[in-house]
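The structure appears below as C-alpha cells.
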Amino acid sequence: MEETGDSKLVPRDEEEIVNDNDETKAPSEEEEGEDVFDSSEEDEDIDEDEDEARKVQEGFIVNDDDENEDPGTSISKKRRKHKRREREEDDRLSEDDLDLLMENAGVERTKASSSSGKFKRLKRVGDEGNAAESESDNVAASRQDSTSKLEDFFSEDEEEEESGLRNGRNNEYGRDEEDHENRNRTADKGGILDELDDFIEDDEFSDEDDETRQRRIQEKKLLREQSIKQPTQITGLSSDKIDEMYDIFGDGHDYDWALEIENEELENGNDNNEAEEEEIDEETGAIKSTKKKISLQDIYDLEDLKKNLMTEGDMKIRKTDIPERYQELRAGITDYGNMSSEDQELERNWIAEKISVDKNFDANYDLTEFKEAIGNAIKFITKENLEVPFIYAYRRNYISSREKDGFLLTEDDLWDIVSLDIEFHSLVNKKDYVQRFYAELHIDDPIVTEYFKNQNTASIAELNSLQDIYDYLEFKYANEINEMFINHTGKTGKKHLKNSSYEKFKASPLYQAVSDIGISAEDVGENISSQHQIHPPVDHPSSKPVEVIESILNANSGDLQVFTSNTKLAIDTVQKYYSLELSKNTKIREKVRSDFSKYYLADVVLTAKGKKEIQKGSLYEDIKYAINRTPMHFRRDPDVFLKMVEAESLNLLSVKLHMSSQAQYIEHLFQIALETTNTSDIAIEWNNFRKLAFNQAMDKIFQDISQEVKDNLTKNCQKLVAKTVRHKFMTKLDQAPFIPNVRDPKIPKILSLTCGQGRFGADAIIAVYVNRKGDFIRDYKIVDNPFDKTNPEKFEDTLDNIIQSCQPNAIGINGPNPKTQKFYKRLQEVLHKKQIVDSRGHTIPIIYVEDEVAIRYQNSERAAQEFPNKPPLVKYCIALARYMHSPLLEYANLTSEEVRSLSIHPHQNLLSSEQLSWALETAFVDIVNLVSVEVNKATDNNYYASALKYISGFGKRKAIDFLQSLQRLNEPLLARQQLITHNILHKTIFMNSAGFLYISWNEKRQKYEDLEHDQLDSTRIHPEDYHLATKVAADALEYDPDTIAEKEEQGTMSEFIELLREDPDRRAKLESLNLESYAEELEKNTGLRKLNNLNTIVLELLDGFEELRNDFHPLQGDEIFQSLTGESEKTFFKGSIIPVRVERFWHNDIICTTNSEVECVVNAQRHAGAQLRRPANEIYEIGKTYPAKVIYIDYANITAEVSLLDHDVKQQYVPISYSKDPSIWDLKQELEDAEEERKLMMAEARAKRTHRVINHPYYFPFNGRQAEDYLRSKERGEFVIRQSSRGDDHLVITWKLDKDLFQHIDIQELEKENPLALGKVLIVDNQKYNDLDQIIVEYLQNKVRLLNEMTSSEKFKSGTKKDVVKFIEDYSRVNPNKSVYYFSLNHDNPGWFYLMFKINANSKLYTWNVKLTNTGYFLVNYNYPSVIQLCNGFKTLLKSNSSKNRMNNYR
C-alpha cells in the first residue's frame, strides 16, 4: 500500500493485515511481521526540496581527480582493466559451465552472449550501435560507486513496520526490504541501468508493439530519475550538513587507489605498479636504478593490515576460488590434492575406518556402500572444494545409504572428514619424505620395502608406524646416512651422531656375541608378527653365554681392553645392544602397538602434591584414585582422561598406561619368539640371556608406545569434547525468533527491562523499546519504586503509559542478581491488575532472556560505536531485545574472543583455543546455512551481514570482499545468476554459497524491476536444480510433455513456478508426486542422485524458506536461578555448607543472604536459640557471617532454607557424581591415604597449636602423656585440667583412678568470645556447666566419692582381671553350692568396673560391665546411687533372668 498526497496515517490500533493467507509470497520483511505504517515517524514527501537534493548529489559526484585526469591515463586504466579481465577468465566459469548454469536458471544464452566477456543479455537488433557507448559509460558509472555508497550510508528507513505474516523464517530483522527500492542509483546518461533496459531478449514482451515497449521503458527511466532526487529526504539532513560530514569523515574511499594497486598486482601481475629506487655501486660508484613493486605493506603498517585482513596472504585468500576455511586448513600442506590413486584409495579406507567407529555397525555389516559414501564425501571436499553445508544439503544422496533406514553421514561426520583429510595429507607428505629418504640411501632393506608395498591398508596409514620406519633407518644405517650427507653437502665430518655408540659396537669384535645368541632381531620380528615360531632360535652347541663372551675377550684383548677385566660389563653391553635391535624392529613394535591399543588400562598414581591438594570439591576429585580405566571408559567420558592429563601437567599425579596382564603378555611373546625347548644347562643359560635382553627391549617398547597411545588418546578425547561443545553451542544458535502468539506469527515489538542491582527507589529501572526490525527506538528511565507501599499506583501508571506508548508484543527481562525475580513478579502483578494487552488484544508475555551476550555487549567497543551516549544498562536492554529477535545474529556479532569466553560446556577449558574456536565456528556454519542470508539486506546492514562469514564457501575475508563487490554494484541484486554475471563470485564459491544466499521475491516490486529476477531465488533450491524444479512444477500441474518441451525450447519453464504458486491446490498436487520413481528415472537417464534435492524442491515450492530452527527458549526454573545467582548445581545444592550473612530477624526466625544474594531463612528450630531457649537476636548478630547447611532450595522464588545448628554444619553432604566401584577405584589406597593424612594432620595440629592459658589453679600446659606422668605419683582422685587434641573448643580433665590407671574426660566449650578464651557454657557427658569449678565439685568429686565407696566395699577385689577371675574360680571350687560375685577395675576402659560372678561351681563365669558416673553406678540401663543398691539390683536382675530361663525350659 502506498500513500497518496492527501492520505492519512492509520493509527496503530486500527492497522489491518493485508493478504494474510497469501502463501505464494517468497521471503520478505513482511513475513517477518513488520507493519505497513509506522505511527512513530512521518513519511517525507519524496519530491520535497528537489533543488537541495540536486545540489547534494552534485556534491557527491564531482571528483577533482576525475576532472583533472589525463585522457591518456583513462585509456591506460581501461587497458589494464581489459588485461585483468583476460587473466580472470581462468577463475571464472567456462562457457559450457555458464551455458549449463543459465539453462538451469531458465535463461537462454546465444552465441553473442557466450562471447561477451561481461555475460550481458542479447541486445535487440536495432541497438547494436550503442554498444561502444554503453561500454564507455560503464567507466563513468563505476566512478560514481563512492557516491552511492555514501548515500547508502546515510539512508534510513522511514517506515517502522510492514504488515504480513512472518512465516517463521530466518529473515530475522535488520532493515526493511523496501530500503532496497529506495536505494540511490546512478543515473548518468548511458549508465548501467539504462544498458539493462536495452538488453531485453526478443522473446520477452513479444506481444508488445514498438510504441508500447518504448513507452514502458521511458516510464521505468522516469521512475529511476525520480529516485535520484531524494538524498536529502533519505538522510534527513540538509546539503550543508552533508557537506560538513564529508569534511570531517571523508567519503570512505580515500585509499581506494592503494587497494586498486594491490588488486591489480594480485589479479594480473601488472608490472606498472613499480617504483624506481637508486642504488650506488660500491665498486664503480655508478648509480643504478632498480624497480620495486608497490604493495599495501609499503603504504600501511603491517599490524594494521593484519588487523583488517589486508595482508598479501589475506588478499590471496579473497581472490582464490576455494572456500576460505579450506584455504586456512590447507595452508601448511604442500602440493595439496596431488595424491596418487593408491593414496586416494588408502585415504578412503583410513577415514572410513575412523568414522565407522561412531556408527556402531554390526560386526558382519558390509562396509562397501559406506566406503563409497566416504569416497564421495572426500571427492566433494578435495576435488570439487565443496563445503560441508552444501554437501549435506545438495549431495546428501551421495553420502547416505540407498536403504531408507540405512546410514547417513551427518554434518559431524563431514566436518570430521574435513579434518581427517588434512591429517591424511600431512601423513602422505611425511611418507613421501621417508620414501625419498630411503631411495637416496641406495639400500634394499626387506622390512622397509615390505612396509611401502603394504601401505594400501588403513592400519599402515598411521604416523606412528611411519615414525618406526624412519627411526629404524636412522638406527640401522647411520653410516650410510652420513655418507649421503657428505655426498650432498660436500662436507666431511659426521653429522648423524644419534646412534654412533651402536655403530662402534657393531664394528667391534664383541658384536660376534650377538650372532651367537641364535636368532636375529629380524627373525624375532617375523615370529612375533606371525604369532608362530617361524625362525626357531639356535643355541650355541658347546658354550654358555659367559663362556662365549670370555672367549671373544681373550681373542681380542687388544681391541677390547675396557672389557677384559670386567666380564659382567661385556655381558651387559651385548644384552643392551641386542635389546636395542629388538626395540627398533618395526614388526615387534607394530604387533605390540596393535595389542596395547586394544587392551590397555589407565591408572592414576598420585604424587605427594596430589595427595595433599586433591580434596573433596576439587576439580580432580573424581580421578584421584582412578584405576583400570579402559578405552571404552574414555570414549564414554572423554573429559575424564583430559582431566588426568591436565592434572599430570600440574604434577598432581601421573597417568600410567599398561596392559591388564602385561607380564604374562611379555612371557607369551618370548615363548613364541625366542625360547627354545631344549632342557640342557647350555640351553637354559641362553634362554635366560635372551629373556633378559627381550625384557629390556619390551620395557623400552612399552614406554614408547604408552606415550604414543597417551598422545593419541588425548587427541581423540579432545575431538570428542569439542564435538560435545559444538552440539551444546548449536542448541544456543538453533533458536528461531521469539513468537508470542503462534496464531499471529510475527516478529514482535519488544520492551526489555532490567532493575540493575535492585536498589529500588535509589536506582532507576531501565526499559528499552525495539521495533520489529530490531531498531532501537527509545529508552525509558523509571525512577518510581515498584515496591512503594504508600503509592503503588505511581509505578503502575508509569509502566502502563510506557506500554501503551510502545505497544510491545512481548517483554524481556533479566538482571545481575535475584532481586530481578522480585521485580519480575511485580511486573506480572501490574499487567494482570491493569489488564494490559498489546494492540491486537493479546496477552503480553514476560520472559527471562539469556543475557550472556548482553553482558558482553554492554561494555563492548561495538556498543560504544553504536550507542556512544547511552549508559551500559540501556545497551544491556538493547541486546536483550535483539536476542529475542535473533539469538543467532546476537552470537554472530560477538568477537571471536567474546565467543570463546562464553560458558558453553563445563569442560571447554580442556580444549586449546584453536580447537574451541573451530568447534564454535563449525556450529555457526551449520546453523547460518540452515537459515541462509538475504543478499540485499546484508549489503547495508552490518549487523545482519555478520552472518555472511559463515556462509558455505565464505569466511571473514571473502565476506568482506563479497560485500564490497555488492556495494560497488550500487543497486540491489535481482537474481542469483548475477553473482556470476556481475563477477561477484567465481565458480566454486558460487556453487557453495548460491543455495544459502537468497533474493527476496516481492510482488509489489516486480512491475518496476528487471525481469531477470527468478522466484526460485527466494528458496533453498540451488540454481543447478532450477530446471529440475520447473519440471517438478510442470508435472505437478499435469502439463502434457509436448507443452513442457515447447516451454523448455522457448526458455520459459519458469512460468510453471508462477502458475504453481498461484494454484490453491498446489499442496495436494505436489504431495501426489511419486518422487522416488522420478529420482530413479533421473538417475537412470543422467546418473545423478537427486531424491533429497527433489524433496527439498517440493518443500520449497510449498513454503519457501520455512523456519527450520527450534522454537525460542526462554529461561526456565533452575536456568533462571543460575542466571541471577551465578550458582550451579555443583556450588549450591541440598546439603552444601555455605556462608550466610544475617540481615534481619523475623519473630524467632533469621533472614540471611548468601554471597550470591540468595535469600535464606533459618526457622526457629534450626538455630542454637531453640536449644538454649534464648531469642535468636541474643545469639546472632546482624551483619555477621555464619556457616550454614542448605536444607531446601526454592528455585522459583530464588530462596533457600538453611540450618545454623552445629551438628548440621559439621555434617556436610557432598554428592558423589562418580563411581567408586572397586574395579575402577582404588579403595584400599584411598583408605591408606586417609589414615596417613589423619595422622599427619594430628601431628601437625599438635606441633602448630598455640598453648592455651586458662586462669585456674588446676590448669596445666600438659598433653595426655605428660598429665599421666604428673599424676602417677599422686593419690587416687587427683586431677589436672589440660588442652584437648580435638581443638580449641575442647578441654580435658585427666584424673587418677588407681595405680597407672587414668581417665581423660572431655569438656566441650560453647559461646566462646575468641578461640583461646574459656567458653561460657561447658558440656560434660551431655550435662551443661557454667565454669570449671562447677564441674570439679558436681561432677569430678562425686565420681571420686563413688570410686572410693566401691573400692572400700567387701565385694571389690583389686588387681588385674586375671587375678580376680582366679580368685572367683578358687572360691567356687571350695564352695561348690554357693554363688559368688565381685567387682574389679576395668584397666582397658578407665571409668568402668567388671562385675564377675558364678552361680555355682559347675556354671561358667559371667562378666558384666558397670559404668562409674557422677551420680552412681550404671548397670543394664539403670543407674544405682550406692554400692549396696547396685548389689541388690544385680541380684534382682539375676533372679529375673533365672526365672525367664526356667520358664523357657518348661515351655
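Just so you know, glycine gets a Cβ as well, placed from its N, Cα and C.
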From SER134, SER227, SER529, SER1352, the annotation phosphoserine in Swiss-Prot is attached to SER134
What Swiss-Prot calls phosphoserine, among SER295, SER1072, SER1223, SER1372, is SER295
What Swiss-Prot calls phosphoserine, among SER155, SER594, SER1284, SER1442, is SER155
Motif 'Nuclear localization signal' per Swiss-Prot, picked from 120-125, 324-329, 1092-1097, is residues 120-125
According to Swiss-Prot, of the residues SER94, SER1285, SER1443, the one annotated as phosphoserine is SER94
Checked against DSSP, the composition of the domain 'SH2' (1257-1354) is 29 helix, 32 strand, 37 coil
The correct three-state DSSP answer for SER295 (phosphoserine) is coil
